[in-house]
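Worksheet for the structure shown next.
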């Protein structure tokens with residue numbers, strides 16, 4: 001039988017890392033010919049830009065471009081952190097208040113979901129089809145527990161929810177062992193095993209919800225007993241001792257079951273406590289603080305509120321409302337205030353690091369302000385801006401449909417993804433009349449009753465933007481690893497894991513500074529469990545390659561055993577210091593976590609350079 005040889009079949013079977021083994025003059029052609037190089041990209045074809053448009057011919061130029069790519073990847077991480085902090089977090093807070101969650105439950109569910117939403121998107125992209133995902137998940141868990149937990153403990157020591165933290169650590173270790181057991185049994189993963197991981201997460205949720213319900217029932221009984229003992233006119237010493245013990249127990253349980261606050265102080269009403277930031281005075285004095293407050297109120301003809309009014313969610317909604325004002329009063333000024341990326345009062349009281357962060361995210365902040373609605377019950381007018389929100393009713397659905405359509409087609413023209421408008425343009429038929437109606441019915445000084453419906457627009461556009469940003473970060477990580485001749489295991493377990501942990505820490509640290517350290521720490525412990533169950537479970541369900549024989553080898557990767565060893569070591573030591581310190585987070589823990597992470601990185605580098613042997617067996621082959 002005659003066999004026809006086709007060079008296209010060769011290109012279709014080649015991997016993208018083959019580019020690194022040919023001369024620079026041939027890389028442009030191969031980047032277009034190799035099908036895998038196109039499949040692993042998303043919005044931008046980086047190899048075409050490097051070897052076709054930039055026409056890189058020397059190794060030094062290639063290294064310089066990689067350094068710039070690392071900076072770009074860091075900026076993308078900051079963009080993800082900004083979107084989660086400003087847009088996702090307020091939505092999750094509103095949901096947690098509606099569902100009457102305590103801070104711990106909100107941390108392990110909603111906050112954890114917000115932090116790991118980008119990972120959920122990455123796992124279903126083509127670039128991850130045959131990646132060492134179990135090793136990547138372990139590396140992210142190590143970086144998250146050590147960096148995120150260490151920074152929180154250093155900046156704001158707090159009382160840990162003891163039984164919750166121990167339960168999270170045990171579930172986290174159990175989920176890791178379950179995934180490893182499923183891979184070791186028959187050297188592959190079935191869809192039923194992936195489904196079992198997802199079911200394990202829902203069992204974990206049910207246990208936490210039932211635990212919260214039982215805790216609140218116990219609190220009610222304990223309050224009744226304390227009230228009964230307090231009413232005794234002539235209590236004995238034994239009764240007084242019992243009463244003190246019950247009151248202390250009640251105080252600790254009330255702290256653990258405390259709900260998420262319905263409001264925070266609005267940013268324009270700066271509390272006197274903000275003048276002291278870890279012992280450092282801000283540049284704003286009392287007179288300037290009062291001026292900021294009074295100018296904003298007098299602008300709309302209002303008077304200064306009382307302290308009680310400042311903490312009222314309803315008051316923040318109606319703070320500038322005056323029925324005598326015109327409906328479109330300060331329409332353009334309101335628009336400018338909404339898209340202005342820098343608040344002068346906030347910038348003045350920020351530290352130098354915070355100011356650098358504000359400047360770096362300024363371009364992202366402007367773009368997001370134009371297209372992403374803000375729904376936040378802890379700020380004035382709940383984030384309402386009449387003209388801007390009416391514009392967003394038109395632009396946001398158009399952008400969402402356009403981006404999803406482009407991601408579904410995934411066609412490129414001159415190194416960039418092609419945008420299609422033939423479907424999204426029809427959204428104007430609904431959005432334009434709706435925007436006109438909203439503009440006609442609403443005021444500038446008060447959000448409408450249906451303002452929370454903008455949460456749908458906010459969630460939809462942040463969903464697609466987070467997917468794009470997270471995938472671009474993953475693609476850049478792979479490109480940097482390939483060009484630097486790193487293994488995919490090392491690039492994912494070092495560069496990407498470290499950047500992802502810093503990205504999550506930006507939001508969690510801001511929560512810890514505001515007094516939600518327990519919530520942020522709980523999210524850091526529940527995050528790895530979410531990755532082992534939901535992220536890996538969804539990956540096993542949607543990726544047919546994991547069902548092939550010996551898929552365990554590429555799922556675990558070359559450094560998977562190292563990551564597993566360090567992960568279990570870190571889980572046990574975290575459990576040990578939590579119990580040893582009587583559930584008190586101390587600054588010394590941050591030093592310990594930092595040292596542990598440095599040891600992990602050193603070991604990964606030495607294994608990558610083949611200086612030491614990894615915690616794994618050498619491959620054995622049966623004689624033929």
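Even glycines carry a Cβ here, placed using N, Cα and C.
TrEMBL labels come from automatic prediction, so no person has curated them.
Taken from TrEMBL, the feature domain 'Sodium/calcium exchanger membrane region' applies to 72-209, 456-605. The transmembrane segment feature in TrEMBL is assigned to 63-84, 104-122, 134-158, 192-210, 356-375, 387-407, 419-440, 452-470, 520-542, 562-585, 597-617.
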Practice problem: Establish whether the number of Cβ pairs under 8 Å between the transmembrane segment (104-122) and the transmembrane segment (452-470) reaches at least three, counting only pairs separated by 6 or more residues. | Solution: yes
Quiz item: With pairs closer than 6 in sequence left out, are the transmembrane segment (387-407) and the transmembrane segment (419-440) joined by 3 or more CB pairs under 8 Å?
Solution: yes
Quiz item: Which bits of the chain, at least 6 residues beyond where the transmembrane segment (520-542) starts or stops, bring a Cβ under 8 A of a Cβ in it?
Solution: 103-104, 107-109, 111-113, 115-116, 119-120, 123-124, 128, 133-134, 137, 140-141, 144-145, 148-149, 152-153, 158, 160-161, 164-165, 168-169, 171-172, 175-176, 178-179, 189-191, 193-198, 200-201, 204, 504, 508-509, 511-512, 585
Practice problem: Would you kindly list the residues that approach the transmembrane segment (597-617) from elsewhere in its chain, counting only those six or more residues past its ends and only Cβ-Cβ distances under 8 Å? | Solution: 142-143, 146-147, 150, 486-487, 490, 493-494, 558-562, 564-566
